[in-house]
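Student: Following this message is one structure expressed as C-alpha cells.
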Amino acid sequence: GQSKKKCDFMIPENNKKHHTEEISTERLIVRRGQPFTITVSFSAPIHNYLKQMKRTSLIAQTGSHRYQADEIQTEFPISSLGDQNQWSAAVEEQDPNFWTLRVNTPANAPIGQYTLLLRASKSSHFLGDFTLLFNPWCRDDEVFLANEAQRQEYILNQDGIIYQGTENAVLAQPWDFSQFEEDMVDICFTLLVVGEHFQKEKDPAQRKDPVHVCRAVAAMLNCNEFRTLTECEPGQHSNGIPPSKWLGSSPILRQWIASKFQPVRYGQCWVFAAVLCSVLRCLGIPTRVVTGFTWAHNTKSSLSVDEYYDEDGTLLTQDNTARVWTFHVWNECWMARTDLLPEYSGWQALDATCQEKSKGPSFCGPAPVHAIKEGDTQVDYDVCYFFAAINAKCHVWIHKADDTLKPAFGDTKYTGNNISTKGVGSERCEDITHNYKYPEGSLQEKRVLDKAYRNMKELETTSSSTQFISIPTALEEPVNLYTHLQSNSSLQLGQDITLSIEVFNHSGGEKATHLVVGIQALHYNGVPIAQLWKEEFNFNLQSNSVNNLQVSVPHMWFGKELGENHLLRLTAVLRDEDSSYMYLAQEEISICDSPLTIEFPENMVQYEPSTAKISLQNPLTEPLEQCVIAVTGRGLIYRQRSYRLGSVQAKSTQELQIPFTPTQAGPKRLTARLTCLQLQSLKSYRTTNIAAA
C-alpha cells in the first residue's frame, strides 16, 4: 500500500474561487456544486499509478469523531474523469511522489463541517477538515442567484442598514452583520445543530435543504428554551442590554457561545432579523432584512385588528396581544421551493419574532413572497400570518367613560405600508411593497382579498384551532364632519412640534363640536409609554365651513419621556355634540437626526495610523448628562471602544479624536452611538475608502 506523507488543501486558491477568502485563509471553506483542488504527497514513490488509483478512494464525513462517522459518510473512488453531479475525485496531475486531485461535491450535498480521509487498501489516512456551504454561484444549487451584484449584497456584504422610524420618516440604522469574522462559521453551525435538536430533527442529511436550515435557525432565535436571544417588553431591560444599543451580530453570538448557550438579553424584532441575516449569509443563503410599517401583529391570521383610545385620544393598551406596530422587521431568503409549485420560488419571508399561532408561540416562514401577494394563504409556511399582518384593516374604537365602545370615524388606517430594504450595492432605501401587495384600491387587490377570505373561510371550517375572522362589514359613516391632522413627519432633536388641525363641516347645519389634541410617546410595537401633552377646544362650525387650528408644542413638554425608538403619536378626537359621533385623526412622528457627525481625513492607507473626528452637538437648552460614545468599525477598530464625555453643555459642541489603524482595504464603515441620561442609543455612521497598502 502507499504511504501518504502530507496533504495540501491549497486554501488561498480554493477559498478565493469559492468566495470564502473573507472568512478564512487558514481553513478550507468551499461551496457545494463547485470543485476544489488538493495535492496529496506520498512518502514513498508510487510507480504503478493506475493500479494504485483503483484501490484508493476518498471519504467525506461529518460528526464529532475523526475516524468514525456518526452523521454523514460518503465514500467515492478516485478516477481519471470525476462526475460533477455527485461526490467524486479526479486525478488532474500525477507523478510518483504526488497526486493533484479535483474533488467534486454535488449541488445538493448537506452543508456541514466535514473531515476528508484517504482510504488505501484497508487503512484510512486523515487528510484534513473542510467546511461546505450553500452556493448561490452554482446554477444547480437551490439557492442559486443569477445576479452578481445581488450575490455581493445578499451573501458577501457585512455592512447592513435596518430601517426603523415611521413610514413618512424612515430612519436608517447601521448594523454590522460581521458574518465572516473568524469564529462566526463555527458559531453558525453550532446554532444550526442546537436548532435541529430543538425541532426534533434527527437526520443531518436534511441540511441539504435550505428550507430546513432556515427553519432550524429561525427556531433558535427567540422561540424556544435554548434560544439565542431573549425578547423584552420595550423599555424593560434591566439586567441586560437594551435592544437599541446593539451595533452588530457578532457580540450577541459570541456571548451566546461563551455563556454555554444562555439566552442573551435582550432582543427585539430588528435584532432577531439582523442576527438571522448574519447566520444565513454565513451559511450561504442569500438573505436580506426587510421592514414593514404599520404591521398588524398577532392577529392569529384574522384580517381585522382593533385600536382603542379614550375620549381624550390616549391610546389604550389592551390585554390581547394583537395590535398595530409602527414598524416590524423580518427577513427574506432567496431559494427555489422544490416542495411547492415553481411560481413560489424566489424570495421567502422568514420572521424570527415569536407570533401567537394555533399551536403556541413560534417563528413564521419561510413563506413565498409571491404567495403572500396572491393571497394563497394555504401555502407553506405561514403565508396566512404574513398576509394578515400586512392586509388587516384597522378598526378604531373610543372607550367611553361609561365603559361603552363607540366606533371612531376617520381615514382608514392601512397596514403593510412602505415595505423597505437596503438597496443593492448602495445605501439607499428600496421600496419593495409591490412584491407583497397590489396597489391600494386596484381590481387585483380586490381579487386577492376575496380569494384570501374564501381560503380563510375554508380553513375556518376545516380546522377549529386556527381562527380566521372575516372583516366586519364597514359601519355606515356619517359624512358630516371630517378632521385632518398634519405635522412635521420627522423632528430634529430639540425642535418644537407644529400641529395643524383642520375640521370640515359638510352638513347643512351649524355644529357644536369638542376637540381634544394630544401627544403620546410610543414603543415601536404599539404600546403607549406616556401621555405627554393635550389641549381641548370647543367651537361652533358653520355649515359647509372649515376651522383651521395651528398649535405649537415646545420640546421641553415632550422631550423628557421619549422611549428608545423616539416615536410620538399625535391624535385629534372630535366629538359632534348633537349626535355624539366621534371622529379621530392620527399621525406618527419620529425624532430622526443624530447629534453625532463623523469626519475622516482625506486619504487613508491600510496599516497606516490615522484619526477620525466625532463631533457631538447638543441642540438642547439643557446639558446632556453622562454622555458615552461607543465606536465600532470592522477593519478600522478592534471590536468596540467606549469614550466617556461626562456633560455636554447646552447649545455647545464637543469633539472627540478617534485614533485608529485600518487593517483592511476597501470601503469601511465607522459607527458611533451616543447614550446619555436624556437620550438612548442615537447612532451615526459614515463609510470611507481605505487604499490598499
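In case you wondered, yes, glycine gets a Cβ from its N, Cα and C as well.
TrEMBL does not curate its annotations; it predicts them automatically.
Residues annotated as active site in TrEMBL: Cys269, His328, Asp351. Under the heading domain 'Transglutaminase-like', TrEMBL lists 261-354.
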Student: Sorry to bug you, but what's the C-alpha spacing from His328 (active site) to Cys269 (active site), rounded to the closest Å?
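Tutor: Spelling it out, the Cα of Cys269 (active site) and the Cα of His328 (active site) are 7 Å apart.
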Student: Which number gives the other C-beta atoms within 10 angstroms of the C-beta of Cys269 (active site), all protein chains shown included?
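Tutor: Looking across every protein chain shown, the total is 26.
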Student: Can you count the other CB atoms that lie within 10 A of the CB of Asp351 (active site)?
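Tutor: Taking all protein chains shown, Asp351 (active site) has 27 Cβ neighbours within 10 Å.
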Student: What residues, ordered by sequence, lie under 8 A Cβ-to-Cβ from His328 (active site) and sit at least six positions away in the same chain?
Tutor: Cys269, Thr291, Gly292, Trp295, His297, Thr353, Ala389
